[in-house]
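Enquirer: Mind having a look at this structure? Questions to follow.
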């Protein structure tokens, strides 16, 4: 019986291992983490992450062939294949600060594997890591091996939050990179056989280690680039009276381009896009490719520009000040169908409004008040460290309140900002919201989810990203 262990019970490790356990009932799968509260949550009815369909998969397999444990060393020692899915935050100090990945947690995981291993192991990179990480990990393992043989594989994840279970069940591709040696090929084959339980063989791609590592960074950079491209066009659309949705539809009809990732918005978020591009930038700089580095930097610059442009639009529309005004924020997660707030554009938008002394009331169906306050109090990149390494009790931001109802959030507000495309925001009773707000009542739709014309009929002044502007907004231009 093959035994698999995954170090790291986060957004990647938990769902991925649950799916392997579901599809491979003869394989024993253990997910280990040093965070006792996180493991306790995985063993409870209230899982630590929200993902449609995840509950059912975990409940079917848990305590059958899927186990969650804090006994890291025991499960690592027993495993044949070890997935490492630990945090790889962006460095905040020292060489490469603000761009390079911090591999502290990866290195300590590798040293622990070498310490406790009593038999040969296949070690699989699952977290997003810089190119050539495998080489560094290999060196740590071989120099501490005590005669035990380790094979390193790169098996990057390509999950999209909100659809992770569907992505795992029917992936576009599974990528496995390994050494081009007999032992390396054998290790690749062993992992391939696990996925072959449910993934068609033509979707399992095998490459060398470096190609697999770089493919993950490249895929995320390409996706983020599409979002920044349409967001750049949205600014031009507003300036010229074009409609970004119509432009995106026309562009997406070209079969060479396609329609996905062409929705203009307040900006992209999530744990990977910005981090991976910064990583790519650093690798390019280190390899003497400044022109390539600057090209990818621009993707992040446009994303930051889009967020600050949105804040400036809110402030300028309201007579150039939001000081003391209540602003309702609908949605805090970085996208719908997830409770994940990592790098969510809502953080920068809220901080921008707070910087102008606004009073903010936030509603999100999946994000807790504790998480929102933590996000608004944290420094950049702190979120990517394990929870026990983050500030213990962040100071609450006084001008921020969190409600469990959109109507409560909007009551008495001067403006409503829609920052996540939750389906329920399309169905709200906006007449009721309008009646409860200060006048003039503004809606700033950062996700283009509402019918602007219907809202204008009710009486709202509406700003939709990339859409023709209200006369009111033309009269009060945003300064960037």
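Just so it is clear, glycine is given a Cβ too, placed from its N, Cα and C backbone atoms.
Those TrEMBL annotations? Automatic predictions, nothing curated.
Grabbed the feature section from TrEMBL, which reads as follows:
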ACT_SITE  272  active site, nucleophile
BINDING   8-13, 33, 38, 86-90, 127-128, 161, 272-275, 342  NAD(+) binding site
DOMAIN    328-452  domain 'UDP-glucose/GDP-mannose dehydrogenase C-terminal'
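Could you place the listed features in the three-dimensional structure?
Expert: Shown in sequence order, 128, 220 are the residues of the chain, 6+ apart in sequence, with a C-beta less than 8 angstroms from the C-beta of residue 272 (active site, nucleophile).
Shown in sequence order, 11, 51, 270, 334, 335, 337, 338, 340 are the residues of the chain, 6+ apart in sequence, with a C-beta less than 8 angstroms from the C-beta of residue 161 (NAD(+) binding site).
Averaged over the domain 'UDP-glucose/GDP-mannose dehydrogenase C-terminal' (328-452), the predicted model reaches a pLDDT of 90.
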Enquirer: Within the domain 'UDP-glucose/GDP-mannose dehydrogenase C-terminal' (328-452), how many residues are helix, strand or coil going by DSSP?
Expert: 43 helix, 20 strand, 62 coil
Enquirer: Neighbour count, 10 Å Cβ-Cβ cut-off, for residue 90 (NAD(+) binding site): what number do you get?
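Expert: Around residue 90 (NAD(+) binding site), other Cβ atoms within 10 Å: 20.
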